[in-house]
Every structure is written in structure tokens, then in C-alpha cells.
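Annotated features, as they stand in Swiss-Prot:
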| type | residues | note |
| --- | --- | --- |
| DISULFID | C23-C88 | disulfide bond |
| DOMAIN | 1-104 | domain 'Ig-like V-type' |
| REGION | 1-23 | region 'Framework-1' |
| REGION | 24-34 | region 'Complementarity-determining-1' |
| REGION | 35-49 | region 'Framework-2' |
| REGION | 50-56 | region 'Complementarity-determining-2' |
| REGION | 57-88 | region 'Framework-3' |
| REGION | 89-97 | region 'Complementarity-determining-3' |
| REGION | 98-107 | region 'Framework-4' |
Amino acid sequence: DILMTQSQKFLSTSVGDRVSVTCKASQNVGTNVAWYQKKPGQSPKPLMYSASYRYSGVPDRFTGSGSGTDFTLTISNVQSEDLAEYFCQQFNRYPLTFGSGTKLELKRADAAPTVSIFPPS
């Protein structure tokens, strides 16, 4: 089986940033790679096919590149709705195999603050 490795388990970003999600195939898969976006409680949404082609309706801030064994999904001008998990998949050879996923999350400084109220001592 072809192993798809996503070495970045998490990527921290801010709204407006540009981020790159990487994926490496254990053998040459040409450009037979797709990318998916997965949000909690939702089905995976196809983003890219054949490494660099966007599905209809996918914003053009998503771009894909690569061939052979090394692939990248780049998100320019990250929006809050882009905070999700991203998976690569090879369809060069059966069985079709997926990467383990990269979760895009807000940098801690950008996350909403939490307030704790303690009773008087």
C-alpha cells in the first residue's frame, strides 16, 4: 500500500495568514492526489483533485501543488471557516489511502479569552 504522510498534526494560524499543509507519498503517485476538508460532525468536503485542480465552489484562496511524492495545500488569507482538519488522499493505485490529517487551529493569542470567577477566600 502507498503510505501518505502528513507530518504536521497541528498548524497554528491567524485570520489573514497564509499556511501550507504538506503531504508526502511513499512512492511516486504522479499528480493523483486529492485534498479534503473535514469539520466536526460533517462529512469530508472535497477541495482539490489531481493535485492542483479546485472543485467547483471551492474558494480560490485554496491552491494545490506538487507531483511525484511531495504535495502541498496552501490556504492564502485564512478565514475562520477554514479552521478544520485537512487530509490528502492518493488515487494512483488501489487501495486508495489517506494521510492522517493536519488540524488547522487559531494561535493561542487569537483565541477568545476565558474568564474564571473564584469565590472569596
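Cβ coordinates are placed from backbone N, Cα and C, and glycine is handled just like the others.
The largest share of C-beta pairs under 8 angstroms with the region 'Complementarity-determining-1' (24-34) comes from 57-88, of the ranges 50-56, 57-88, 89-97, 98-107. Cβ atoms under 8 Å from those of the region 'Complementarity-determining-2' (50-56) belong to residues 31-34, 62-67, 71 of the same chain, restricted to positions at least 6 beyond its ends.
Classification of C23 (disulfide bond) by DSSP places it within a strand. On the 0 to 100 pLDDT scale, the region 'Complementarity-determining-2' (50-56) averages 98 in this prediction. Taking DSSP states H, G and I as helix and E and B as strand, the region 'Framework-2' (35-49) has 0 helix, 9 strand, 6 coil.
Residue counts for the region 'Framework-3' (57-88) under DSSP (helix as H, G, I; strand as E, B; rest coil) come to 3 helix, 16 strand, 13 coil.
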